[in-house]
Structures are given as structure tokens and as C-alpha cells.
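A.B. asks: Below is one structure. I have some questions about it.
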Amino acid sequence: MLDKHERNINYMRISLTDRCNLRCRYCMPETGVDNLTHYSILSLEEMARLVRIASELGIQKIRLTGGEPLVRRNVPQLISYIAQIPRIDDIALTTNGTLFAALAEELKTAGLNRINFSLDSLVPEKFKYITRRGDLSKVKEAIFKALELDMHPVKINMVVIRGFNDDEIIDFVELARKYPLHVRFIEFMPVGDLLFWKKDRMMPAQDIKAYIEESYVLTPQKNILGNGPARYYSLEGGEGSLGFISPMSNHFCGECNRIRLTAEGGLRGCLYDKREVNLKTALKNGSSDEEIKELFIWAIKAKPARHHMNNGWGEENKRKMYQIGG
């Protein structure tokens, strides 16, 4: 379905939960947050129904996010439900990786096609610092398990934070050189715990790329499967590729093809737009598929031309990334 800016909206991101087993400093306070109750979030069956309705409007790709999606029970069951919807041709998951290895084979059997790992440091002490409680060895195990199961493309998302992990950029490049991994460097954004956010910690994607090109030859390539916002480059002599995501310095809104569904049923056209359509209430009130479809149409038509994060969005928006879906 086309929005009013002639963008083809064919991708929906679904937050399964606002809970997480980590406490990343730029995302969530150390003490955690007041999590949603079981009764306030969508059931797996409700999520599957909404995916089916959305597919009738042209949604083809689904990504499951959180919080940490794998802290929710029965994720393979949800994936199995979604995989049976005829118009859905791609199911992906974004995870911190700490719980993935034990579930990997079950997830793939259920119908999971692709996986993205959020990983900001390869140094155990720094990883523990940024996550406040994570075990890096579990994430590494998960990444290689995904490769073993041929869940290609396997992507690693690194949020580059100047003064914290910018000295590890080359280490992440080496992962893409040695293994068939697609490493994406993401600009630091004000979308979580604003006490950790400082504008001078944001390293522009063009600076990251220029730094890498001092040591490596990069060649532009077609976008990797996933219809995401990254600009991809092959790495001379490398097994994988590099991607650069620049929401702060060079937004990609003109190509945005996604809508977002929160765990409690809020449908929004943009991560940075505070307007939401409450689908949970519609489901509770017994709305028909056609009535719910009209709510999807409204949300898609209301999708803004671009975000305004550089104009102080972070200070105004009370909803954090773990609540909306990363």
C-alpha cells in the first residue's frame, strides 16, 4: 500500500515485549522499568491476526523486536503462525543474542528466515559495562550458531558511540572480512535513556566510513536482503559486507517502507512520531477485520514525510525504544 508520500509500505516491525534481560545504558535505566502486564499486551494469536490483516494491505515482511523478543514465551509458535500467512515472504528477528543459541533450531524450523544481532563491543569488560549484565560469550555463540544454520544474511548492528567503542570499529570490520557477516554501523540516537545521550557522542556515518577507508577498499553494492535503511559496501577480500545507517546526519525517510506495532497494540507510522492507533482496544471491542483494516489504512496515510529527531524529539517523546520496538 502506498502512503500519501508515494512510499510502498510493505514491512511491519512488531515489538513482542518491552522487557529485556539486559540494561544497555543508552536504552534502559539500571533499575529497569515498570513493565507491561501480561494482560495489557497483545496475545500471540492477536499478533498473528493483525499480521494477516496487514498482509491484505501489502505487508510482506515482518520483523520481531523488543525489548528483547526472546524473553517472551512461545516465540517459535508465533513465527509458525506468521509463516502460514500466504502473503508474508520474510520473517526476521532482532535480538541481543544472549538467549538465541538455545532456541535457534526451533526458531528456524518454525519459519524464521533472518536474524540481526545488536552488539556494541567485542571486549568483554566493555560489553559488560554497556549492557550492565551481559555475557559476551553467549552472543558470540549465537552469531556462529546462526551462521551454522544458514540464516543468511546474518547481520550485526553496532551503535557507534564516540569515546566508548569507536576504537573497535576496525575489529567489527574484521568480523565482516573473516566471516559472511553483514556488519552495520549505526549512528548514536536519542531514543532511550537520555541521561546517557550526548550529541558529541554521535559519530556521523560518513566519518565512520572515511575512517574505515583509510585501511580498506569499499565498493558500493546493492542493498542486502531486508529492505533496511543501510547503505552497503563490499569489502575487498572479505566474506561479508559493511553497512552504514545514518538517522541523525542523513535521514533515509524518503525510502522508509515500514510501520510499527507495539507490544500493547499501538500502531505507528514512524518510530519518531508520537501518534499511535490503538489496535488492542479495537480487538477487545470485537472489531471486524475490515474495521481493523481501516485503522491500518489511517496509520499508513498518517505516516509523516520524515522524522524530526534533530529538533529535540528525544526530550519530548516519553516512549523509549524498548517500548516502541527497536
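Positions of Cβ are set from backbone N, Cα and C atoms, glycine also.
Given the structure is predicted, the values throughout are model-derived calculations rather than measurements.
From Swiss-Prot, here are the annotated features:
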type    : residues                                            : note
DOMAIN  : 4-227                                               : domain 'Radical SAM core'
BINDING : Arg13, Arg63, Thr94, Lys155, Arg258, Ile259, Arg260 : GTP binding site
BINDING : Cys20, Cys24, Cys27                                 : [4Fe-4S] cluster 1 binding site
BINDING : Tyr26, Gly67, Ser118, Met189                        : S-adenosyl-L-methionine binding site
BINDING : Cys253, Cys256, Cys270                              : [4Fe-4S] cluster 2 binding site
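Tell me about the surroundings of these features in the structure.
C.D. replies: Following the DSSP three-state reduction, the secondary structure of Arg260 (GTP binding site) is strand.
DSSP assigns Cys24 ([4Fe-4S] cluster 1 binding site) to coil in the three-state reduction, outside any helix or strand. Within 10 Å of the Cβ of Cys24 ([4Fe-4S] cluster 1 binding site) there are 21 other Cβ atoms, across all protein chains.
There are 21 other CB atoms within 10 A of the CB of Met189 (S-adenosyl-L-methionine binding site), with all protein chains counted.
Annotation note: Cys270 ([4Fe-4S] cluster 2 binding site) sits in a coil segment as assigned by DSSP.
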A.B. asks: Give the helix, strand or coil assignment DSSP yields for Met189 (S-adenosyl-L-methionine binding site).
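C.D. replies: Once the DSSP labels are grouped into three classes, Met189 (S-adenosyl-L-methionine binding site) ends up as coil.
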A.B. asks: For the GTP site as recorded (Arg13, Arg63, Thr94, Lys155, Arg258, Ile259, Arg260), determine the largest distance between any two Cα atoms, in Å, rounded to the nearest integer.
C.D. replies: 21
A.B. asks: Consider each pair of residues in Tyr26, Gly67, Ser118, Met189, all listed by the record as binding S-adenosyl-L-methionine, and report the largest Cα separation in Å as a whole number.
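C.D. replies: Spelled out: the longest distance between any two Cα atoms in Tyr26, Gly67, Ser118, Met189 is 17 Å.
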A.B. asks: What three-state secondary structure does DSSP assign to Cys253 ([4Fe-4S] cluster 2 binding site)?
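C.D. replies: In three-state terms, Cys253 ([4Fe-4S] cluster 2 binding site) counts as helix.
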